[in-house]
Amino acid sequence: MSKNIVVLPGDHVGQEIAQEAIKVLEAISEVSPKAKFNFQHHLIGGSAIDATGSPLPDEALAAAKKADAVLLGAVGGPKWGTGAVRPEQGLLKIRKELQLYANLRPCNFASESLLELSPLKPQHARGTDFIVVRELVGGIYFGQRKEDDGDGVAWDSERYTKPEVQRITRMAAFLALQHNPPLPIWSLDKANVLASSRLWRKTVEETIKNEFPQLTVKHQLIDSAAMILIKNPTQLNGIIITSNMFEDIISDEASVIPGSLGLLPSASLASLPDTNEAFGLYEPCHGSAPDLPKGKVNPVAMILSAAMMLKLSLNMAKEGEALETAVKQVLDSGVRTGDLGGSNSTSEVGDAIAKAVKQILA
């Protein structure tokens, strides 16, 4: 039976990288009897605003709700500005509507050959390996707010509930327990200032103690963690959890460690991937890069996002791992886009990965 994948290319480079993800998945389907896909394309973001006036058309949301998984390219661009209707509203809405409460962003080196591209010294960057787990549907991004209506006052509010924090803590614990020995959990907050952070810290501590006593959790203030991330990133190896906005910031900081935003994938899940069939939305960590010429964007992050989809949502661990291996082989061979010091185009990198994964699975 084919897996139904809704593809939301989005804006600018999102169109190109979505094509490359489909290319490698179709290559896998040629050699793996289990891997059969039905791709449905829909609009989101600025392209959706241009066509329909809405950043997330009803038909796109309805299709996503019926799909086995969603692949998303990238959303946004200066064309749509910061007006009342913005591309990013489509992202926030689909996350909320699909109850995608946990965003997973691995931070590691897809290949050791990329160490020299890190802005950090190799001796500091080598061995960096953690997963940032972001609470995705609560906090200040979804709290009450007031716009400046001419009185010169605007505000946003952060609200978290105990069940919301428990849920994201259980996701972190599940991921930690997939390793032997289990990985440590780092919980980042601002408990010395914010009431919401004090609830966060208390709830994380209680949940781990009562439900996962075999795990260790370490609490770190977010500003201190940001410093550690640059000074000694391997100190944070393991699973990192924090609130929506803090994770948005810290994960972008972490994303530059491997040398390019074009390398890091992400998964947004609606449940624990304990059966390898959790519903999820998969997208690269980078944005839509509107200034990048055609054929220059690195498709690796999008392709690795597809690998995460295979493993976490489609119960195709063998195929997902083969795709990750193919990416490593291609990068090691020197086939790279310009952000990695190479001269290959987007499609050439995709072609090479598609060829490599077929050879691995054949």
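Cβ coordinates are placed from backbone N, Cα and C, and glycine is handled just like the others.
As annotated by Swiss-Prot, NAD(+) binding site applies to 77-88, 287-298. Per Swiss-Prot, substrate binding site is recorded for ARG95, ARG105, ARG134, ASP223. Sequence annotations record features per position, and here Swiss-Prot assigns Mg(2+) binding site to ASP223, ASP248, ASP252 based on similarity to another entry. The site 'Important for catalysis' annotation in Swiss-Prot covers TYR141, LYS190.
With respect to Cβ neighbours within 10 Å, the binding-site residues ASP223, ASP248, ASP252 differ, and ASP223 shows the lowest count. In the shown protein chains, 7 other C-beta atoms lie within 10 A of the C-beta of GLY83 (NAD(+) binding site). Taking the Cα of ARG134 (substrate binding site) as the reference point, the closest of the recorded positions GLY77, ARG86, TYR141, LYS190, ASP248 is ASP248. A distance of 8 Å separates the Cα atom of ASP223 (substrate binding site) from that of LYS190 (site 'Important for catalysis'). Every protein chain shown contributes to the tally, and the Cβ of ARG105 (substrate binding site) ends up with 22 other Cβ atoms within 10 Å. Neighbour counts of Cβ atoms within 10 Å were taken for the binding-site residues GLY77, GLY287, PRO290, PRO293; the minimum is at PRO293. Within the same chain, residues at least 6 positions away in sequence whose Cβ sits under 8 Å from that of ARG86 (NAD(+) binding site) are PRO55, GLY76, TRP80.
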